[in-house]
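Data block below; observations after.
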Amino acid sequence: MKPLELDVFLCRTDNFGVLVHDPETGFTAAIDAPEEAPILEAATRRGWKITHIFTTHHHTDHVTANLALKEQFGCEIIGPINEAVAIPGLDRAMADGDSFLFGDHTVNVIETPGHTAGHICYHFVDDKLLFAADTLFALGCGRLFERPAADMWHSLQKLAVLPDETAVYFGHEYTLSNARFALTVDPDNERLKSRAAEIEALRADGKFTIPTTLGLEKETNPFLRAADPAIRRNLVMEGKTNEEVFAEIRKRKDHF
């Protein structure tokens, strides 16, 4: 089985567009459809025909180009069953634990409510790829629009059990702000400090910070580290639950 090929580019202001291409079948999936023109440019540049859209959630900046791409390519749109009525052009609705094949590549669906009520992530099992959209960012997580903090904490735990080497592709280039915030709640984390310096340099050069890895996030992302004693001491929350610590971190980030 040939490895998948990926193309990553910016859409809108800070959305990531991602195309996933299977060279054996010619299938090409857009991970969400934030904006038509950059997606078409990337597909044309690579000589790929878009056959699928894997929608993660219903927010406008992730589904804007669904219908235009479907009209042009006749692509199949897959998306979350619990947001089915809000996904333009949806063909197949997926629930937590569902799986399907993209060529010979197995894709598992992980429902991660928090940012939205029915948000899903796509895990390419053998390829060790996770498309986490607005659930898990590099050094961050999505804002809580439709579900409480406890739900998002448990959603993140569902991702955290995947292999550490899993490459994580996320929905927005928020990493620099996330790094600066992370240092306020985990200031003595040496790995975080070195990573923040790397991110500052990357962004100064106009380079992307995508992908990250799950292992790196577990070492440095405060939203995955609510159980960490140092973070709890810094927040003066030693006796609180993981959900309460996570909620406090999310609240602080909202006002950062």
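From the backbone N, Cα and C atoms, a Cβ is placed for every residue, glycine too.
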Given that Swiss-Prot assigns Asp61, His62, Asp134 to the Zn(2+) 2 site, pick the one from His105, His154, His172 that the record assigns to that site as well.
His172
Using only what Swiss-Prot says about Zn(2+) 1 binding by His57, His59, Asp134, identify which of His115, His123 is listed for that site too.
His115
Can you give me the Cα-Cα distance between His59 (Zn(2+) 1 binding site) and His172 (Zn(2+) 2 binding site) in Å, rounded to a whole number?
13
Extra residues within 8 Å (Cβ to Cβ centroid of Asp61, His62, Asp134, His172), Zn(2+) 2:
Asn15, Asp32, Pro34, His57, His59, Ala133, Gly171
